[in-house]
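J.: Heads up, here are the entries from TrEMBL:
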ACT_SITE  Cys70  active site, proton donor/acceptor
ACT_SITE  Cys206  active site, proton donor/acceptor
BINDING   Asp7, Ser8, Asn71, Thr72, Thr207, His208  substrate binding site
Amino acid sequence: MAIGVFDSGVGGLTVHRELTRRFPARDFIYLADQANAPIGSKTGEEIVDITRNGCERLFQAGASVIVLACNTASAVALRRLQQTWVPEASKRHGRPVNVLGIIVPTIEAATGLPWTYEAERRGDKVEAIDITGVFCTAATAISRVYEIEIDKRREDLAVFSEPCPGLAGLIELGAPVEELTVVICDHVDALRRRIGRHPDKAILGCTHYEIVAHLFAAALPPGTPLIHQPTAVADALERYFERHPEYRLGESGRRDFITTGKTGPQSDMVSQFWGAPLSFDAA
Ligand code: DGL
């Protein structure tokens, strides 16, 4: 049995790397659904189907707990799958299984509050508003998940999402740094014009963007804090496994990387991020 990690492509490796550092003895299977990547501009129904198929593939490969290392899948598909499909999958596979997302831990990190906290609205005047910018896919922006969930918890945080359609696809292809820099600077500038100033903090709300976090940091005013999803997700998963000893997660430190797309080595950008060449096998 293993921990499954799902993304449309290489973005989820950013989360996977942190999870394997945190749980080195556990077995991991990483699935990149590159045949369908990028998913961030697909319809809600398409994203649900792609996520469900990816999870089923991971359960069949032996995953017990799957982390959707993808904001788009977590924002659009997770709730739907958790309601009926996950309990049904658990029965079908004859063992406890679950699918977890990465937005809850990110919101906990952004608000400094536990997910279960809901602010009491007393109508007090809010003195100062901090602005959080969220760079994400079109589907995540349309879901408004960051705006809605942060507003429930913190009245003093305003959220502005900046959809960056096309950016995950460029990162997936390992586009040249110069090209990525132009696209990222354009989005940072578009967000600044929309808000009237730069955000006080930023969430890289698409796991692909974490691979080029340094380009976002360079495009934003120096010192702008970035909320890093990989650490937030690893923290949350550690707490989750303490509460849920029922999942069998493997103990041999196995690492499998599989793809629905082209097998073999990934782009130079991925090798650079990973610190070594990384090759995917057929899913
Ligand atoms: N990395 C994914 C995310 O966090 C998906 C990017 C895409 O396929 O468009 O949203």
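Quick reminder: no glycine exception, Cβ is built from N, Cα and C everywhere.
Please go over these features one by one and say how buried each is and what sits next to it.
T.: In the three-state DSSP assignment, the secondary structure recorded for Cys70 (active site, proton donor/acceptor) is coil.
A coil conformation is recorded for Cys206 (active site, proton donor/acceptor) in the three-state DSSP classification, outside any helix or strand.
Classification of Ser8 (substrate binding site) by DSSP places it in coil, neither helical nor stranded.
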J.: Give me the largest Cα to Cα distance among Asp7, Ser8, Asn71, Thr72, Thr207, His208, the residues the record lists as binding substrate, in Å as a whole number.
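T.: Comparing all Cα pairs, the maximum is 11 Å.
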J.: Any idea which of the active-site residues Cys70, Cys206 has the thinnest Cβ neighbourhood at 10 Å?
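T.: Comparing Cβ neighbours within 10 Å for the active-site residues Cys70, Cys206, Cys206 has the fewest.
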